[in-house]
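**Student:** Here you go, one structure.
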Amino acid sequence: MASRAALLVSAILALSCFHAIASDPSPLQDFCVVDKMSQVRVNGFPCKDAKDVVAEDFFFSGLQMAGNTTNKQGSAVTPVNIAQIAGLNTLGISLARIDYAPYGLNPPHTHPRATEILTVLEGSLYVGFVTSNPDNKLFTKVLNKGDVFVFPQGLVHFQFNYGTSKAVALAALSSQNPGVITVANAVFGSKPSISDDVLAKAFQVDKKTIDRIQAQF
């Protein structure tokens, strides 16, 4: 009896750990295509009636087209997540095409709900991520065409095209809606703005420096 009880406890703990590390809830049916007309709000999206589902609900076209990199960062992200493919709902995956102009940067950011695995399709990239406090250790690598790199969930990471020709990468993410928090935008471009007293103390600079940075966002 004791061994059975121990086995039961072990099974419960194993299931608890599994759900704790899962990025998105596991699906309970073949698919749950988003019902965009529903007013219901849940952790995720309500399902459309299966009889109304069509092949287009699982389809997206356009990743062959380069994104517009004529911006301050020199990069463009073309997402393919729940907003683009309704059929991704509950499936726990998404992807994105990232285009980089020469010396283009996908600036430091995090995905709060997903791990990212990035594959270089064209050009070369200098990539990296930083571990959490207190170590804040930086891991970096130069990637060439065909190379793959993983960014753990929630950690700040970046990609930089240090070359004189364009680069293209494809990123797969372990969530239908991974989210993105660009560090500089969040800190210096929040609305309303974070107090310059707070930021000056946090970054150990004077308020005029903070004001100049905030003006860029």
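Placement of Cβ uses the backbone N, Cα and C atoms for every residue, glycine included.
Values in this document were obtained by computation on a predicted structure and should not be read as measured data.
Take a look at what TrEMBL says about it:
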type	residues	note
SIGNAL	1-22	signal peptide
DISULFID	Cys32-Cys47	disulfide bond
DOMAIN	61-211	domain 'Cupin type-1'
BINDING	Asn106, His111, Glu116	oxalate binding site
BINDING	His109, His111, Glu116, His157	Mn(2+) binding site
**Student:** Counting across all protein chains shown, how many other Cβ atoms sit within 10 Å of the Cβ of Glu116 (oxalate binding site)?
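**Tutor:** Its Cβ has 24 other Cβ atoms within 10 Å.
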**Student:** Across the whole of the domain 'Cupin type-1' (61-211), what does the mean pLDDT come to? Round it, please.
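**Tutor:** Value for the domain 'Cupin type-1' (61-211), mean pLDDT as a whole number: 96.
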**Student:** Roughly how many Å lie between the Cα atoms of Cys47 (disulfide bond) and His109 (Mn(2+) binding site), rounded to a whole value?
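**Tutor:** Distance between the two Cα atoms comes out at 31 Å.
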**Student:** Using Cβ atoms only, which residues of the same chain lie under 8 Å from Cys32 (disulfide bond) while being at least 6 residues apart in sequence?
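**Tutor:** Non-local contacts for Cys32 (disulfide bond): Phe45, Cys47, Asn89, Thr90.
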**Student:** Taking the Cβ of Cys47 (disulfide bond) as the centre, how many other Cβ atoms fall within a 10 Å radius?
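**Tutor:** Here the count is 18.
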**Student:** Just to verify a number: CA distance, His157 (Mn(2+) binding site) to His111 (oxalate binding site), in angstrom, no decimals.
**Tutor:** 9
